[in-house]
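First the structure, in the form of structure tokens, and then the observations on it.
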Amino acid sequence: MQVKNPILGLCQKATFALSAAKVEQCPDDQGYEVAFAGRSNAGKSSALNTLTHASLARTSKTPGRTQLLNFFSLDDERRLVDLPGYGYAKVPIPLKQHWQRHLEAYLGSRECLRGVILMMDVRHPMTDFDKMMLDWARASGMPMHILLTKADKLTHGAGKNTLLKVQSEIRKGWGDGVTIQLFSAPKRLGLEEAYKVLAGWMELEDKPVA
């Protein structure tokens, strides 16, 4: 008898729901949401597209162009949320400040938010933004799972060494509440582990399939 993770089927059926410039425009605050965060060019959109087997999240050659909260429905009560990229976008400072205010408002107010997937480029982990997100997760008690993206850019050994180093730094600075893994969108590395995290947060049990 096979055991199938039901989150896989839901992710494959993911559809775009809406974009929100501010919290008031978000869907009703009920059900289950998992948010995807990351510094610009950390591979957030590519990871989302790989997890959903679709081109839902916009990828751009200009990092940081995700300016809105983008919601994707898995079913009637479960959603993935693509948060604005942080960093390199060539936009006026007031607009960046606008993004940050509404990002903070979203993270601080959504009762249905069950966890945050934080993307870090495995070659440049633990940026100031990453540490800020880790501080927020610790202070709020929000579960956080880190994808060390672009693992295909390093050798297997170098990737494992970076994973262990970042794990150690996080454990010392933020405790044991944060989980972490290697991930590569082009190589589809780490998909099963990421799906298990999503299933747990969205309260989907593994179900036997005949």
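One is the number of the first residue shown, and numbering goes on along the chain from there.
Cβ coordinates are placed from backbone N, Cα and C, and glycine is handled just like the others.
What Swiss-Prot says about this protein:
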type: BINDING; residues: 38-45, 64-68, 82-85, 149-152, 182-185; note: GTP binding site
type: BINDING; residues: SER45, THR66; note: Mg(2+) binding site
type: DOMAIN; residues: 30-204; note: domain 'EngB-type G'
Next item on the list: Taking the Cβ of GLY38 (GTP binding site) as the reference point, list residues of the same chain whose Cβ is under 8 angstroms away and which are at least six residues distant in sequence.
Entry: LYS44, LEU83, GLY85, TYR86, LEU118, MET119, MET120, THR149
Next item on the list: Would you find the one among the binding-site residues ALA42, LEU68 whose Cβ has the most company, meaning other Cβ atoms within 10 Å?
Entry: ALA42
Checklist line | Under 8 Å by Cβ from ASP152 (GTP binding site), counting only residues of that chain that are 6 or more apart | finding: SER184, PRO186, LYS187, LEU189
Notebook entry, point to check: Including all protein chains shown, what's the count of other C-beta atoms within 10 A of the C-beta of GLY85 (GTP binding site)?
Noted result: 24
Item checked: Whole-number Å value for how far SER45 (Mg(2+) binding site) lies from ALA185 (GTP binding site) (Cα to Cα) -> 10
Notebook entry, point to check: At the Cα level, what's the spacing in Å between LEU68 (GTP binding site) and SER45 (Mg(2+) binding site), rounded?
Noted result: 13
Next item on the list: Using the structure shown, find which entry in SER45, ALA185 (the binding-site residues) has the sparsest Cβ neighbourhood within 10 Å.
Entry: ALA185
